[in-house]
Amino acid sequence: MSIIFSGIQPSGNLTLGNYLGALRNFSKLQDANECYYCIVNQHAITVPQDPQLLHERTRQLAAIYIASGLDPQKATLFVQSEVPEHVQLGWIMITSSYVGELERMTQYKDKASKRGDSIPAGLLTYPPLMAADILLYQADYVPVGDDQKQHMEITRDLAQRFNRLYGDVFKLPQILLGHDGTRVMSLQEPTKKMSKSDSNTTATIYLLDDPKDIEKKIKRAQTDSLNTVRYDTDCQPGISNLIEILSAVTDQSHEDIEKAYEGKGYGAFKKDVADAVISVLEPIQQRYHQLVGDPELDAILDEGAKKAHAKANVTYVKACRAMGLYRK
Ligand code: TYM
């Protein structure tokens with residue numbers, strides 16, 4: 001049995017990218033492993049959030065986790081801010097980090113470049129907090145999307161650096177990419193990843209989108225004039241993205257999809273992609289709407305925080321003792 005940890009930010013409406021890249025793998029792991037899944041609301045506040053919205057999205061994300069198949073009897077589901085060891089170990093990880101390595105993170109560079117002179121310091125110290133999340137649970141594997149590779153590398157670097165200085169405290173976690181590392185791209189700018197925070201909402205399929213909107217967005221997805229369904233991310237990034245989506249949703253290989261659409265136009269292909277996406281998302285949406293107002297959700301999160309705290313505290317105390325952060 002391995003230990004699994006992952007997290008999602010409650011910073012916007014979840015996208016098909018979040019689902020295919022991460023979320024749907026979570027429930028596959030819960031039968032045979034000890035799993036911790038976190039709503040990382042303290043990562044979300046590294047950029048300003050509306051307090052009421054953040055509160056609502058935290059609960060909505062819990063409902064989405066469960067609607068996507070997470071079973072709270074098997075996996076521990078909790079909110080990051082309810083387990084204080086995350087920021088406590090996060091601080092220790094910040095003190096083990098170098099400014100240079102944090103400044104080299106591509107997500108930091110992307111986000112910071114949009115903020116002029118007012119770059120929140122939390123954007124820079126985001127990766128050490130993420131390292132703390134993972135290391136507290138002594139996780140073996142971290143199921144995330146392809147875009148989190150660099151954050152996983154620095155997590156391992158920080159763990160190794162700490163262990164070298166203070167003794168063996170942390171296990172070195174490995175990244176676990178689902179379905180050969182599905183990376184869902186924007187429907188309008190297919191060289192950029194599909195993102196919760198994209199201001200162009202037609203570029204993004206949200207998990208809770210109405211089926212009609214999903215169909216419309218896929219129909220209008222940017223393609224090319226070559227009129228062949230072929231996986232070639234350089235020459236046909238839009239079509240390749242749709243192949244990738246169809247492949248992830250139906251478990252067909254890229255080659256099988258190319259063969260199936262030989263001689264057919266983009267219209268028929270897009271219609272099938274839309275139908276396949278809708279058939280996966282509709283049942284999740286139905287379960288979500290039943291769950292989101294249910295008081296049982298609070299009981300699940302209360303219980304999850306208790307279990308997570310018990311596990312996290314063991315590692316945190318060990319790290320503090322190793323560093324001399326104790327009195328008796
Ligand atoms: P977040 O909230 O941005 O995204 C949650 C998960 O969704 C994946 N993802 C994608 N996968 C494929 N294609 C896409 N277009 C796409 N967009 C998002 C992400 O890779 C991620 O797995 N830093 C993390 C949150 C975090 C975390 C952690 C994750 C904080 N602490 C500890 C794992 C372990 C993030 O920003 O996720």
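Cβ coordinates come from backbone N, Cα and C, glycine included.
Keep in mind the model is a prediction, meaning the values are calculated, not measured.
The ATP binding site annotation in TrEMBL covers Gln9, Pro10, Ser11, Gly17, Asn18, Gly145, Asp146, Asp147, Val184, Lys193, Met194, Ser195, Lys196, Ser197. Taken from TrEMBL, the feature L-tryptophan binding site covers Asp133. What TrEMBL records for 10-18 is motif ''HIGH' region'. Look at TrEMBL and you will find 193-197 tagged as motif ''KMSKS' region'.
Known features from TrEMBL, placed on the structure.
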residue	record	CB count, 10 Å
Gln9	ATP binding site	24
Ser11	ATP binding site	20
Asn18	ATP binding site	24
Asp133	L-tryptophan binding site	28
Asp146	ATP binding site	17
Val184	ATP binding site	24
Met194	ATP binding site	25
Lys196	ATP binding site	17
Roughly how many Å separate the Cα of Asn18 (ATP binding site) from that of Asp133 (L-tryptophan binding site), to the nearest whole number?
19
Rounded to a whole number of Å, the separation of the Cα atoms of Ser11 (ATP binding site) and Asp133 (L-tryptophan binding site) comes to 17
For the motif ''HIGH' region' (10-18), the distant same-chain contacts (Cβ-Cβ under 8 Å, at least six residues beyond its ends) come to 39-41, 43-44, 47, 49, 54, 57-58, 60-61, 64, 145, 183-184, 193-197, 204-208, 245, 277, 281
According to DSSP, folded down to helix, strand and coil, what is Asp146 (ATP binding site)?
helix
Largest pairwise Cα distance, Å, within the listed ATP binders Gln9, Pro10, Ser11, Gly17, Asn18, Gly145, Asp146, Asp147, Val184, Lys193, Met194, Ser195, Lys196, Ser197?
19
What are the DSSP helix, strand and coil residue counts for the motif ''KMSKS' region' (193-197)?
0 helix, 1 strand, 4 coil
Tally of helix, strand and coil residues over the motif ''HIGH' region' (10-18) according to DSSP?
3 helix, 1 strand, 5 coil
Averaged over the motif ''KMSKS' region' (193-197), the pLDDT of the predicted model comes to 91
Can you tell me the CA-to-CA distance separating Lys196 (ATP binding site) and Asp133 (L-tryptophan binding site), as a whole number of Å?
22
Specify the secondary structure state of Val184 (ATP binding site) as given by DSSP, simplified to three classes.
coil
